[in-house]
């Protein structure tokens, strides 16, 4: 094949470009998602610059390095898409969209948590065994086992010291505590028979017998029944431990550092030497299993305890009462007995039985306390929403008032498998937050105002159709009112089912009256009801806020208030601290902001929604009344009389002019008729005399 033939068979380049152009054009128009509706507020996006793409690549690379994910093209693309979606979902800073309207909004129950502090009220903690541990019981926890142990990273702030349990600064340390009941015996060699319970509790930092200002001070002593001076006797049922709250003679200190001072007035029973009546030196040192370094070992391996001395053994700090810690510095808060129910469930409790015997050695009385254990009871403690437990390496920073925890777990229950190498932080859902939100229209209280405003924008420019359009608007408002009335009827129909509720309540009343004891299933339902009441209390507080606020009509999940967001007064860093839960001098002043918002809402509540717009329409209609024009000139009798005379004169003048015009019109009509008659007779007057023609014209 010669070169000329090859050149003739080769396709021309220009034709190839022509075939490729339609394909490129179609590729430019191809989309991978549904076509989105273009709104009036939609703006054309600028193409990304090289600097933006470079920055996005750097952020994606940094994210993959932090998460230890291999950098592949697929992972880089996913990381970039995640960063873009996160940036798009972030709140728009003030000034980014000058055409938008920014107002303060109250968001109830956002997906945020805060730490439970020592100033909060005690929470409900449920145990699965009411025989050995007092308090509400529930053996059907957790409610959602598949969600237990979900991983979470937290970084939240606090105002008052948070409640934390574990071996870490700012947390209450665990320890083993004993509770003992006594049974007197008549045996000559046995003085007493003991039944003792050992379990996990809260460790005191200072020995309660040492002289300490907080211990001997009655300033923080709670009101309650004093602990008995005698050891509680055994109850009728030997398998039940009877708990009775009491106040000891002195307090123990659980924590005293930069995080605050926490004390407990519950009794801390342990054996000590009774040196009363002894002539020789008698050591009054205490002997307590709580000094063991390994907590689990003290409860698992030590199944036999023996105490021997030449001096009689006595049990100090009588009383079967649970710890009730409270904070007294830097602030004074309520007692929190629920913390012990969480701690005691972290390991099984051990049941002891034994006695104290008396024998003679070297011609001296010799006392021996012998305790043996062969029974352990596993426990489980749970909390319910809106409360949760964050378990992990919790770090509390008092300088910045922040709490951080990486790779922590969210739990609602604690059992004997818990490892005290971790810490427990009590958290709860946030009741509500204040954030600025942007809108593409001004704030409006009701849809009627919105409808009326949109219609009046066109009405004011077309005054000829004003009355008809106003009637249409009023008919639209009536339709809205009718819809609300129909909804009220439907609600009334639902309320009529209260008869069924009454019948059900009567049946349940008979059930409660006829039932002698409550089984565990009903007890669980009661606990759920109690927790629901607590949750509903938070909901009612949120509803109270929303009732006090005048909100925009087009939002239902949260409330957009009429208070305009001022960036110079509340910059975004203050809002960010508020979202984190930090409350310091730089944080958003919520109380002051609430006062401003409530004042703005009160100003809008002075008028019924739509009254201002309807009043403007009424004023416009009133201006069309000519009577108002007369009233504006004057209201005296003389002026009114002059005006009446002027009106009569004008009326008379109009009548005279009308009569004159009518006469002129008659003359014109007669002349026209005469001219018409003459034109018809123009050819028929030739044979007549001149006299007859004159007569005809005169006629």
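Note that Cβ sites are derived from N, Cα and C of the backbone, with glycine treated the same way.
Copied over from Swiss-Prot, here are the features:
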| type | residues | note |
| --- | --- | --- |
| COMPBIAS | 10-20 | compositional bias 'Basic residues' |
| CARBOHYD | 100 | N-linked glycosylation site |
| CARBOHYD | 128 | N-linked glycosylation site |
| CARBOHYD | 153 | N-linked glycosylation site |
| CARBOHYD | 274 | N-linked glycosylation site |
| CARBOHYD | 355 | N-linked glycosylation site |
| CARBOHYD | 372 | N-linked glycosylation site |
| CARBOHYD | 461 | N-linked glycosylation site |
| CARBOHYD | 507 | N-linked glycosylation site |
| CARBOHYD | 554 | N-linked glycosylation site |
| CARBOHYD | 566 | N-linked glycosylation site |
| CARBOHYD | 585 | N-linked glycosylation site |
| REGION | 1-47 | region 'Disordered' |
| REGION | 466-486 | region 'Fusion peptide' |
| TOPO_DOM | 90-632 | topological domain 'Extracellular' |
| TOPO_DOM | 654-699 | topological domain 'Cytoplasmic' |
| TRANSMEM | 633-653 | transmembrane segment |
Quiz item: Quick one: what's DSSP say for residue 372 (N-linked glycosylation site), helix, strand or coil?
Solution: strand
Quiz item: Expressed to the nearest Å, what is the distance separating residue 355 (N-linked glycosylation site) and residue 372 (N-linked glycosylation site) at their Cα atoms?
Solution: 9
Practice problem: Using Cβ-Cβ distances, find the residues under 8 Å from residue 153 (N-linked glycosylation site) that belong to the same chain and are at least 6 apart in sequence, listing them in sequence order. | Solution: 405, 406, 407, 408
Practice problem: Sorry to bug you, but what's the C-alpha spacing from residue 274 (N-linked glycosylation site) to residue 128 (N-linked glycosylation site), rounded to the closest Å? | Solution: 39
Quiz item: Which one, from the glycosylation sites 128, 274, 372, has the smallest tally of other C-beta atoms lying within 10 Å of its C-beta?
Solution: 372
Practice problem: Taking only the Cα atoms, work out how far residue 372 (N-linked glycosylation site) lies from residue 274 (N-linked glycosylation site), in Å, as a whole number. | Solution: 23
Quiz item: Does DSSP put residue 355 (N-linked glycosylation site) in a helix, in a strand, or in coil?
Solution: strand
Practice problem: Tell me the Cβ neighbour count for residue 355 (N-linked glycosylation site), meaning other Cβ atoms within 10 Å of its Cβ, over all protein chains shown. | Solution: 18
Exercise. Would you identify the secondary structure of residue 274 (N-linked glycosylation site) according to DSSP, in three states?
Key: coil
